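A.B. asks: Have a look at this one before I ask anything.
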Amino acid sequence: MSRDYNCTTDDQLAWGIPSISHAWGLWALLGVVTVLLLISLAALLSQWTRGRRRNQEGQGPLSGRSAEEVPLYGNLHYLQTGRLSQEPRSEEQDPPSSGGLARGAEEAMCYTSLQLRPAQGRIPSSGNPIKYCEVVLDSEPKPQAPGPEPELYASVCAQTRRGRASFPDQAYANSQPAPS
């Protein structure tokens, strides 16, 4: 049983690999792909070495920092009251009155700082320092929700609703849905 080949053994470099003169298009395509692969590899190595240089200078990306060093940002109303605000209230509908601590807790909103802590051994930037404030809690007892309380690793500052806009339609950092 002999096989009939269209090509002679002189037309092939090895079994299944045609010579350059018979399959020049395939060899050209292989050459282009190889050159593009080498260019991509050179660009990747260049970016990697620049990234390492920046990391050594303390200016690198945030991926190497712990969660405690990267502040969160958002409306932290849930941490004060234990429930998410469902409907926005405007100032015309709800004029300020002497509602006591419960009223103050509902009016106060918390926001975190967007500034990173300076790297150890470096001089802090001239930006605004993180302000620490007390959070006012309402005097009503909170219903115990099943499960642990959410943890938040950020410093916060209480602000009134007039000072910052609230975002009632969005979920925020470490917020949990209100119990039904």
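Glycine is no exception: its Cβ is also placed from the backbone N, Cα and C atoms.
The N-linked glycosylation site feature in Swiss-Prot is assigned to Asn6. For Ser63, Ser66, Ser85, Ser90, Ser166, the entry in Swiss-Prot reads phosphoserine. Feature annotation from Swiss-Prot assigns phosphotyrosine to Tyr73, Tyr111, Tyr132, Tyr153, Tyr172. Under the heading region 'Interaction with GRB2', Swiss-Prot lists 73-76, 172-175, citing similarity to another entry as support. The region 'Disordered' feature in Swiss-Prot is assigned to 81-103. Among the features that Swiss-Prot reports, region 'Interaction with PTPN11' is placed at 130-135, with the record citing similarity to another entry. Annotation comment: Swiss-Prot describes 153-156 as region 'Interaction with CSK', evidence class similarity to another entry. The feature topological domain 'Extracellular' is assigned by Swiss-Prot to 1-24. Annotation comment: Swiss-Prot describes 46-180 as topological domain 'Cytoplasmic', evidence class sequence analysis. Residues or ranges marked as transmembrane segment by Swiss-Prot: 25-45.
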A.B. asks: In terms of Cβ proximity under 8 Å, which residues at least six beyond the ends of the transmembrane segment (25-45) contact it?
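C.D. replies: For the transmembrane segment (25-45), the nonlocal Cβ contacts are 18.
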A.B. asks: Can you give me the average pLDDT across the region 'Interaction with GRB2' (172-175), rounded to a whole number?
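C.D. replies: A mean pLDDT of 54 is what the model gives the region 'Interaction with GRB2' (172-175).
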